[in-house]
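The next block holds one structure in the form of structure tokens; read it before the comments.
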């Protein structure tokens, strides 16, 4: 397959990266800084550490992907207009040009994050966060008012962790591994926890550099129309709940979600499993790339064994949409070898997350090593939003299904979004997820509950029906049954998880399983596979089991395993 190379002379300043900061450290900063190097994979092109003027025990660390013009766009970002503001952020703000025009901001750089400084100055932290259309995690320091602000996007697409001691030492990092070896004066173990998506937190910064939390509140919830919709160039949606109006709105919003995410001067590619979600995103991406006249062919990537349902379906879609398609061969042996490394990057021991991450980790590795695509589109979020999991067929009512859909969206940062970020970031790639576009999700969730449930025995019926007859993707793919990524990578005869379980059966003994609930009282593993994952996790992150509140499992149906293939209602497609 064709390989294209592009020079680095015209790079975008919006990039995937890793952020890290300390406020009030009692230890030598040069020693603490070595901890920040644990997230170097998030920004492999350069890093910088910078002390804060006047606060000798506070500093920022930043790892950057894609460097150009003598580190132009490096962080912490500071501008002459607000010399007292320091910003470290990871993410993309899709509406920064719109906000600049709407509020007549005088930008001093070409960096999308500059809009945060202007919004904060004019409106304060909460309104600032609510006006951002994008994915982000930020640390904003205001030395004039001695405040530290943290914030994270609605679904936690960009990760953020914090460590706060009782005496006010605060450490923040994109990944928990950058905080586990931070030294502090307290002798007891200090909690490291994920920062809650859709929230901001404000701290008073004392003269000692230590902090005190004074405000923690949500700025957006997925069921609300986002505040930035007021300034969205997409015209107001057609009113009415008749089927044609709804389907037309779904199409415009999803297409708009893909279009705004095209802002990049690095090459764009797309993961393509051959399922409904990734196929729709890939097809819309190809359509819009032609309209925007991108100077290269969009690459699509699938992973699986030769006879896997995913590989065959993805091949059909790629041929239909005309992408430059890459297939990554997957063997159970390769997958098994990658498990420990995957758990290191994920920082979780959740069963289904690890299974699905192995394939995504290996395909990301291929993209990094063999191609020049850096910005990677993916179909995450659709199953949670559109009730795509097979267990939704068993929902007791439309109201219960709608409620569970919101629960799943709020927990994405623990499961699918965590997987998608960490497996791509491990190889310095930047993930984009149009299904989690704020306007799209808010609209979909506002529709009547009975419109969103599975229909005629098919999950995600409304989404499928919205794209029916358009020839965007092949009809048999549009109506293909849900197949979990970790299942579809290998043949129906034998799933990837079955190969994994058989291998781990010989590694974990029955004795260990008997004592499992004593060895691991929080979320005790009930299978040898789960036990092995937990063992690896504990070796890497001892005593940090609380990072996972619960395992991902289907509801309303008896399930001992998260795989859809183990459920009594699972029916493979006839052509698999």
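Note that Cβ sites are derived from N, Cα and C of the backbone, with glycine treated the same way.
Taken from TrEMBL, the feature active site, for GATase activity applies to 17. Annotation source TrEMBL lists domain 'Glutamine amidotransferase type-2' at 17-206. Marked as L-glutamine binding site by TrEMBL: 112. Taken from TrEMBL, the feature ATP binding site applies to 271, 303, 378, 379. The feature site 'Important for beta-aspartyl-AMP intermediate formation' is assigned by TrEMBL to 380.
The predicted model assigns the domain 'Glutamine amidotransferase type-2' (17-206) a mean pLDDT of 91. For the pair residue 271 (ATP binding site) and residue 17 (active site, for GATase activity), the C-alpha distance works out to 20 angstrom. On a Cα basis, the residue listed as 'active site, for GATase activity' lies 21 Å away from residue 379 (ATP binding site).
With 271, 303, 378, 379 listed as the residues that bind ATP, the site has a largest C-alpha separation of 15 Å. In the structure as shown, the Cβ atom of residue 380 (site 'Important for beta-aspartyl-AMP intermediate formation') sits within 10 Å of 27 other Cβ atoms. When the Cα atoms are compared, the residue listed as 'active site, for GATase activity' and residue 378 (ATP binding site) turn out to be 18 Å apart. Within 10 Å of the C-beta of the residue listed as 'active site, for GATase activity' there are 29 other C-beta atoms, taking all protein chains into account. There are 28 other CB atoms within 10 A of the CB of residue 303 (ATP binding site), with all protein chains counted. Separation of the C-alpha atoms of residue 112 (L-glutamine binding site) and residue 303 (ATP binding site): 33 Å, rounded to the nearest whole number. The CA atom of residue 303 (ATP binding site) is located 16 Å away from the CA atom of residue 380 (site 'Important for beta-aspartyl-AMP intermediate formation').
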